[in-house]
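J.: Annotation comment: TrEMBL describes 60-87, 99-117, 129-150, 189-213, 219-240, 260-279, 291-310, 322-347, 392-411, 417-443, 455-475, 495-517 as transmembrane segment. Annotation source TrEMBL lists domain 'Major facilitator superfamily (MFS) profile' at 62-518.
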Amino acid sequence: MDVIQKFMIDDEDWGPEDLELHYPATPPALRSKRSEAELALTSPAPTPSQRPPISLLHEVTFVITILLAQILLQAGVGQGLAPLHIIGDHFNITNPGELSWYVAGFTLTAGTFILIAGRCGDMYGHKRVFVSAFIWYGVWSILCGASYYSNNIFFTIARGFQGMGPAFITPNGLALLGRTYPPGMRKNLVFSLFGACAPGGYILGATFSTLIAERTLWAWAYWVMGIVCFLTAVCAIWTVPSQAAGSGAEEKQFHEEQHFDYLGALAGVSGLVLFNVAWNQGPTVGWPTPYVYFLLILGILSLVVFFFIESRVPQPLLPVQALSAPVLFVLSATGAGWGSFGIYLYYLWQFLIQLRHHTPLLVSAQNSPSAVTGVIASVVTGFLISKVPTPYIMILALICFCVTPILTATMPIDQTYWASTFVSTLIIPFGMDMSFPAATIILSGSVPKEHQGIAASLVLTTTSYSISLGLGIAGTVASQIDPNGTDLLRQFRSAWYTSIGLAVMGLVIAIISALYMRRHPLAAPPH
């Protein structure tokens, strides 16, 4: 996830040097009712230095606090994936479907609850939600570690609740950054740093969790995470500037005018969770199990009710009228690409650990090139955004998503690391770092002005949710190809073929989307 603020569209004008989405300097009481968290408010007027009205030391500590939000989010993914088999062996779990929940449970809630996180920030204040979410993240990290003395079910549930923390941290952290910085290069730099931290955070979480798991109790990885989250929450209380937190009568009036769509939130969150749980539980207990179909049907019905509610309420979480053809095209392509990525990454770890018999710590080191190329991809994407039409950048991203699983699906067990594995770790960050800002720009240019803020929220939800759903789809395919679970290589390759299929589907949708926007110029984002 990359340079989010840099690649959004200004409400007033568009220019390669100022690809941002922000409010004009109007009083909060006169602003649109759309989510402030999604729009990343810019409160102060621009200054020649483009610096917020705080000291340099205060600015540095504030930025570090917000960057920790991104680092710890990705570390949460890494700490579930890297010591997967160490934790599974502790609970006597070997079923791939059950093991995948250690990652899928976290990304499911991290993606689903973004749907309501922005509106909560509008109602209760972004700083308050940001700090509270870190405390929540810390509490459930501690409980994840405490499950060492319990069982697999408790650990899986705790991972799901742990993922709710980042769901509320990320959009509100972005809102705090947006409110602190006026439009300009300084703001773009900060948001670029936010995006560039993603691969490094994942590698950091994977490395330290495996290091701890191999040397002592794996539970300490989660306890350390909890302590870091608590410390970050305390730091945020002191480092978030007052103008970012919001104050004054107008700000208070704005928060009071926000109304939470409780029925829509219940239906939307329930539908997404039930639909995803059905797909991830199917490979574990078998699709013929009655409750799996019941969850799937109930999830679909809940989503239908959600869209009905959203078309009726005055302040919807998801404005139905914003879901135009270009929006649906781009969300589908993005979801397919990130679902493909989740499958590629999960089964690459399983392949390297179970078939090449590498230690989790060595596999973490083998994945570390992604942290470097992630930063490079961030810079390259920033350059391309100002030179190349965004639908074409989306096509390039999907090509990267296609290439990586092709490399892994065709590599022999005894092949050297420097061939397919190494090359795939170099390529995959470009798929991630190109698709996210490109999708955000296209959505921002395709929805009406009154719904501009929904762009980043939809893309954030789609990326995290698709990783979890993709693992369920791949697990279903693998369980059907090898029902006895005896041929690991066949399972992994069938999962990667599924990853290829999703990426190709996303590529086709991206091409159709580009052709559609070429035929309908008004639907395309300005370039």
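Cβ atoms here come from the backbone N, Cα and C positions, even for glycine.
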J.: Based on Cβ pairs under 8 Å, which of the stretches 99-117, 129-150, 322-347 lies most in contact with the transmembrane segment (260-279)?
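T.: Selected stretch: 99-117, with the most Cβ pairs under 8 Å.
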J.: List, by number or range, the same-chain residues at least 6 past the transmembrane segment (219-240) whose CB is under 8 A from its CB atoms?
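T.: 58, 61-62, 64-65, 68-69, 72, 75-76, 79, 83, 127, 130-132, 134-135, 137-142, 144-148, 165, 176, 205, 208-209, 212-213.
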J.: Taking the transmembrane segment (99-117) as the first stretch and the transmembrane segment (392-411) as the second, find out whether 3 or more Cβ pairs fall under 8 Å, excluding pairs closer than 6 in sequence.
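T.: No, the transmembrane segment (99-117) does not contact the transmembrane segment (392-411).
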J.: For the transmembrane segment (455-475), I need the partner stretch with the highest count of C-beta pairs below 8 angstroms, choosing only from 322-347, 392-411, 417-443.
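T.: Against the transmembrane segment (455-475), the leading stretch is 322-347.
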J.: Do at least three C-beta pairs under 8 angstroms join the transmembrane segment (417-443) to the transmembrane segment (60-87), pairs 6 or more apart in sequence?
T.: no
J.: Tell me if the transmembrane segment (322-347) touches the transmembrane segment (495-517). I count contact as 3 or more CB pairs below 8 A, with pairs 6 or more residues apart.
T.: yes
J.: Counting only residues 6 or more past its boundaries, what in the same chain has a CB within less than 8 Å of a CB in the transmembrane segment (129-150)?
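T.: Non-local partners: 69, 72, 76, 90, 117, 120-121, 158-159, 161-162, 164-169, 172-173, 176, 217-223, 225-230, 232-233, 236-237, 240.
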